[in-house]
């Protein structure tokens, strides 16, 4: 938002409008009413038509047009046209997206957007996933759910990512929204199976309960058994692969049977191969399946359930997404071959299997658009992906061993192959030990639609391992060709300030920039002064920043929130900056920062 316009009057109607669902707007009647005038107490009554106000006509038309505008970017652009468009866009928005929970207060957001039915909120930055932030940094869901309980009693959907969520928050959510249908919790912490039990038992219209990469405390509550036991459920998606506690399988199987609309099911590692077979047979309509452990420790003969599993999977004609494989038993790998031709998404990021086994699967997956793997795929496996998966849009390669003292199974060779074979790529995360300027340049040139580029060269400050030159040239080409780039994440890369300067000066659409353990200093930081107000955030950790250099950013950009964070107080001297986190906010500095966070003023 370019201006703070919350002072503009808002519509007082707090009921969820029918026109958000495509019904005829009640505002249409406002144009057709006349004003009666009495010419005399006994004379005839004549009606004089009064033309509607032009602004009112415009708002009525806009309200009926904007309700069909679903893209957040398009809606944001529409809201900046003028005050009238800004007001009508707010009244017709049913989905509220908060990319940073500290960018705006709950009060301000709910004052402007009064008819919201779905809320998405993101909290901590991504590097929190690597334990690079203090545990008590913030991003609490409590103030948000408290405000939503009174502002949006008709709320149906909540999506949370990297937030601190308590059981009390979940209880208030279940109590406050009688029509609640969807809860997605990604990379969050602070809640337990008790909170899940409340959601399962009290949200009677629940369609989606997705728990993804979150830390869920086990307090011995059988939350699966808390779903309604009588009649069919509304459940369409149930994801709990991150919940590490044991599961009441009988209750789970009964729940699956009672959920004829279930399309997505991702199991935790406590579900065996035999149990997986039983669930698949009960739900052949599945489109997304998380296999859990994908092993069977009780097998008398290794792979004894393989034929049953293959038969069950073959009946799943609509299956397009496979994940899980956390304790992969290779004997069961061929069982997935029958469904590979239809797969658009495959997640092997927990499957510790060697390259030949992965390649045997990849050659059956010509329609893949999303692939997550460990670096055990090796360069040879990535070459197989490049030759087979021509429609690939997202690739993530995670390290099996993140230490920088070995040669590493993937390198510039694999990255170059992907850039040449998968030219529709939009997002890549790539961990490797060594890299070359040529490979990064090839990725920048060959994949013009690339929006997310995350590169981690684990060998600290490693130069081009072929030419020995600094990796700054690669950053120059990212700046030259990355015109659609919105997210750039770089670790252990670069040789001087020039690398970051190239990026900040050459990527006009950059929204999120994450730099870790790279030799960038104050000069590189200051080169982005022209762009920081347009970005969502900048994160720099273990770089070469000084407190003085960060303070100069505050003086130059007073509406930017600049946080200096000491992740490890014992090893971080006062004259250095351990972590810099900068973001734009309508509210200014937050009031819940812990002691290890200093907000520069």
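Note that Cβ sites are derived from N, Cα and C of the backbone, with glycine treated the same way.
Feature annotations, reproduced from TrEMBL:
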type	residues	note
COMPBIAS	1-16	compositional bias 'Basic and acidic residues'
REGION	1-29	region 'Disordered'
DOMAIN	55-94	domain 'COI1 F-box'
DOMAIN	115-160	domain 'Transport inhibitor response 1'
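Summarising model confidence by region, the domain 'Transport inhibitor response 1' (115-160) averages a pLDDT of 95. Summarised by DSSP class, the composition of the domain 'COI1 F-box' (55-94) is 30 helix, 0 strand, 10 coil. Secondary structure counts, DSSP: the domain 'Transport inhibitor response 1' (115-160) has 15 helix, 10 strand, 21 coil.
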